[in-house]
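Pulled from TrEMBL, these are the features on record:
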- 403-417: compositional bias 'Low complexity' (COMPBIAS)
- 441-453: compositional bias 'Basic and acidic residues' (COMPBIAS)
- 512-525: compositional bias 'Low complexity' (COMPBIAS)
- 536-547: compositional bias 'Basic and acidic residues' (COMPBIAS)
- 559-568: compositional bias 'Basic and acidic residues' (COMPBIAS)
- 575-588: compositional bias 'Basic and acidic residues' (COMPBIAS)
- 3-207: domain 'CAF1B/HIR1 beta-propeller' (DOMAIN)
- 728-922: domain 'Protein HIRA-like C-terminal' (DOMAIN)
- 403-453: region 'Disordered' (REGION)
- 508-622: region 'Disordered' (REGION)
- 66-98: repeat 'WD' (REPEAT)
- 127-159: repeat 'WD' (REPEAT)
- 170-211: repeat 'WD' (REPEAT)
Amino acid sequence: MRLLKPSWVEHDGQPIFSIDIHPDGSRFATGGQGDDCGKVVIWNMAPVRDEKAEKNESVPKVLCQMDNHLACVNCVRWSYNGKFLASGGDDKLVMIWQTSRYSGPSSTFGSSNKVVNIEQWRPVFTLRGHSGDVLDLSWSPHDAWLASCSVDNTVVIWNTNKFPEQVAVLKGHSGLVKGVTWDPVGKYLASQSDDKTLRVWRTRDWQTESIIREPFRECGGTTHVLRLDWSPDGHYIVSAHAMNNSGPTAQIIEREGWKVTLDFVGHRKAITVVRFNPNIFEKRIKKDSDKSQQYSCCAIGSKDRSISIWLTALKRPLVVTHDLFESSIMDISWSKSGFELMCCSIDGTVAYIDFSVEEIGTSLTQQEVQTVLEKIYGKGLPLRSMTTGNQIIESAAMLNLQQQAQKESQEKQQNSQTVSPQTPKTPQKHPLANGDVPFKPLDKQIETRTPDGRRRITPIFLAPQPDFGEAPLPFPGNVITTDSNISFATSKDPSKIQVEKLDRVTVPGLVSPSSKSTTSPQTGSNLSEPKPSPLLDKKASGDKKSEAAVFQPMTALEKTPEKSEKPKVTTSTPVEKRVDKEKLKDKPVGLSLKRKKGDDKLSKAGRSKKDRKDSDKQVTSLSASIAGPSFRTFSPPSNELSLPVQTIEKTSTLQISGKAGEENSISLEVENNVQCGLVTVHKLRLVKDSETSWEQILTSPINNMAASRCVACVSCEDSSVSIFSFGGRRLFPSLVLNSKISYLHCSSYFVMAITQKGSLHVWNMQNKMATINNENIASIINGNIEVDTVKITSEGLPVITLSNSKSYSYHTDLKSWVLIHENINNVIQCSDYQYCKLSSQITGPLISLQKSHNRAGMLASRTSSSATSVQQTATVSHLENQVAVCLGLKSQDEYKFWFLSYVRYLVQEGFEVKLREVCDDLLGPVIKNKSTSWNAHILGLDKHELLKEILPIIGSNLRWQRLYTEYQEQLDSL
């Protein structure tokens with residue numbers, strides 16, 4: 001082990017609060033206080049490692065100094081790819097730095113020590129989202145996100161692909177957030193605060209996964225930062241300042257259940273920073289054992305000015321250095337190789353420690369680490385980290401798909417950047433403002449002659465190139481030099497530039513296209529009168545088209561719901577008595593309901609026409625405002641099912657559309673026990689705009705009614721069902737069932753009835769046939785479970801929801817009950833899918849069942865210890881179930897949505913066998929014969945068209961380009 005403190009690494013005696021080594025190991029960055037601003041300095045690593053390079057004056061020590069921050073810099077962090085440097089400070093800003101193309105030496109403006117910048121770094125993005133000092137930063141694995149925490153008690157997640165877009169703002173801490181770190185798998189984010197808690201957040205929905213309080217109850221806010229870290233294998237979080245028996249510790253938090261049984265002890269004062277070595281090591285720990293043990297390495301810095309190095313395979317620290325600084329240690333950084341460590345202190349100095357393989361072991365290769373992570377978290381992990389940039393496109397079809405996707409992306413960007421319709425359709429563009437290519441070719445030289453015969457070469461305008469370059473390249477210590485002399489080279493090869501000679505004489509006073517003058521002297525007859533500059537014309541007319549356009553980055557496309565509509569409440573027109581619908585719905589089944597005063601006012605709210613259409617299209621519910629019923633329970637033999645039965649004492653009204661008393665309102669009214677001479681009859685009438693449209697008379701008292709825009713039906717006390725057309729014509733004689741009717745529903749031409757004994761009947765009045773006949777629901781009702789709601793879809797399928805929150809439907813082809821939904825579903829709780837809002841145009845029975853599902857509560861109750869492989873399998877199982885349920889419910893829109901979601905997940909996670917099975921089913925047999933039972937359509941969707949839609953999804957990942965090409969060629973040959 002080598003330990004040294006390079007005295008030349010300093011901020012003019014000011015504190016250094018952060019340090020970070022570049023992933024390529026060629027440079028490191030420090031952040032801290034400047035003279036009157038925040039200072040970020042990028043240093044050469046070679047003089048630190050090598051004493052000869054340190055003494056060589058031609059090897060620069062400072063590569064670049066940036067003083068853009070207005071206040072002290074608290075944190076600097078390199079991205080994993082080394083392309084960006086992020087810095088955060090007391091000025092509430094996060095700056096993202098990138099190298100500039102113009103890499104010549106320069107000096108820092110305003111610096112007193114005349115620092116020469118060998119490299120040029122510029123802030124490409126300035127992120128403004130915090131209302132207080134930014135204390136810590138952390139890049140997520142594979143640089144997808146950047147997390148920043150602040151004294152404003154929040155953690156902001158930034159989208160690194162669309163800076164300065166914010167993905168989420170995590171609010172939950174009640175104190176200053178002083179540290180943030182990512183799970184190496186990318187599933188969680190951890191933050192530590194002065195509120196004496198450490199919070200673990202889920203990245204799938206940015207909600208709290210766990211809150212750890214116990215180890216921090218005795219802690220005080222005595223540290224400037226609380227830089228916690230996650231182990232490279234993802235097993236542990238090690239916190240900063242924690243307490244155990246009134247002594248300072250670094251708490252070890254296990255990923256398995258977030259247990260806090262272990263800690264690192266030994267430091268005398270509060271721990272400020274923990275940093276794990278990025279590598280996993282392997283070494284034979286026990287001398288009598290031939291087997292190597294895998295472990296991690298962790299460095300801990302404290303306010304007691306000491307740093308300790310721990311191996312997770314040992315119970316005691318590997319090494320402890322005391323009095324390394326004169327003040328508190330603020331930050332630690334490991335090199336990517338894992339054998340070099342640097343740390344900094346408030347005293348304004350840094351330290352460098354170099355380890356050997358014998359001391360900390362042999363690091364695993366990247367492939368071996370990947371294998372370890374796959375073994376722990378499942379094989380779906382590599383696909384998340386896999387990039388397609390290094391894969392070769394193997395077919396012309398795949399190349400065309402890639403080009404088409406790129407073209408569509410460009411068209412979307414152009415559509416989002418279209419100008420206002422008030423501007424002219426064909427405006428002239430300024431070559432500087434719109435970023436077009438220069439208006440002169442670079443390989444062409446234009447020559448003219450002056451009046452005295454001399455040759456004049458027209459200068460070629462070179463448009464400015466982008467100022468920002470790619471990631472800095474590693475360099476040896478003796479390559480970079482501060483010599484600013486320019487070297488020249490000559491060549492005897494003839495020039496390849498074409499010369500274009502124009503037959504005209506260039507005279508003084510000829511106005512160039514960029515001149516500000518609108519007139520020119522007429523000095524020759526061969527010169528036409530110059531026209532005014534188009535740029536000046538635009539300025540004079542107020543046209544701002546020539547100005548540089550500033551485009552905001554595109555955000556993720558998401559359907560945002562429109563203004564929330566009023567709940568669908570249907571009411572009844574009073575005849576004699578009524579009961580408010582909402583009160584009826586809340587009452588337990590089997591209890592009698594009586595009309596109360598004031599119900600007339602409450603029942604005047606109705607449904608809009610739009611609501612009515614949506615309702616008819618999706619599901620017609622039993623709760624459709626039957627006013628004035630009471631319930632009586634009949635007691636058949638104990639071995640039979642007994643459902644509650646409604647009764648209507650005198651009158652009741654069902655509002656079909658519109659509002660009672662308003663124009664275009666339609667309602668169905670029942671009036672029982674009407675005296676007609678010596679006999680008693682019972683009336684049913686349809687009322688349109690307060691006028692009776694038609695009327696029917698029945699001999700048995702009516703106890704239930706239902707209607708759609710196609711049919712109307714009622715059930716009577718004699719266990720019969722009468723069905724009428726919407727025009728009032730009786731379609732069938734009374735249908736007599738085995739007992740009184742408990743539930744009666746209509747949807748389109750379908751009528752559903754469930755008797756007191758549990759017999760289910762569904763009739764199709766358009767085809768005059770029964771689709772479900774006398775099917776008993778007792779097989780889905782066990783014990784004390786009761787029927788909660790009953791619905792019928794627009795396709796004539798029953799949906800019965802029970803008191804245990806399970807919903808069932810009857811599969812007419814399989815002649816069996818199917819479970820379509822349950823709120824408490826362990827498969828969903830173990831899955832890793834992300835809930836998304838369906839388009840408002842997608843409607844169906846499954847949405848109506850799941851829209852009230854508490855997604856947040858379900859996520860909070862997920863088993864935190866479930867492995868990634870289990871979550872992956874559970875997600876596939878859930879998506880397959882959603883597809884199957886939509887198929888069973890014959891819901892076309894929902895089926896297509898979940899089917900495409902299922903295919904996307906298979907592509908993402910790498911389920912090739914399932915993908916091939918899906919494609920084979922959509923493609924169908926190559927040779928068709930009478931024995932094949934393959935159907936070319938599914939729920940009205942053409943399978944070949946569906947295959948055309950999913951192939952671009954498969955082709956979006958170059959890993960599946962052969963699969964895409966295989967099925968695309970077969971599809972083209974059909």
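The backbone N, Cα and C atoms fix where each Cβ goes, glycine too.
Bear in mind that TrEMBL entries carry predicted annotations, made automatically and left uncurated.
Taken as a whole, the repeat 'WD' (66-98) shows an average pLDDT of 94 in this prediction.
Across the repeat 'WD' (127-159), DSSP classifies residues as 3 helix, 20 strand, 10 coil. With helix defined as DSSP H, G or I and strand as E or B, the repeat 'WD' (66-98) counts 0 helix, 18 strand, 15 coil. Under DSSP, the residues of the repeat 'WD' (170-211) split into helix, strand and coil as follows: 0 helix, 23 strand, 19 coil.
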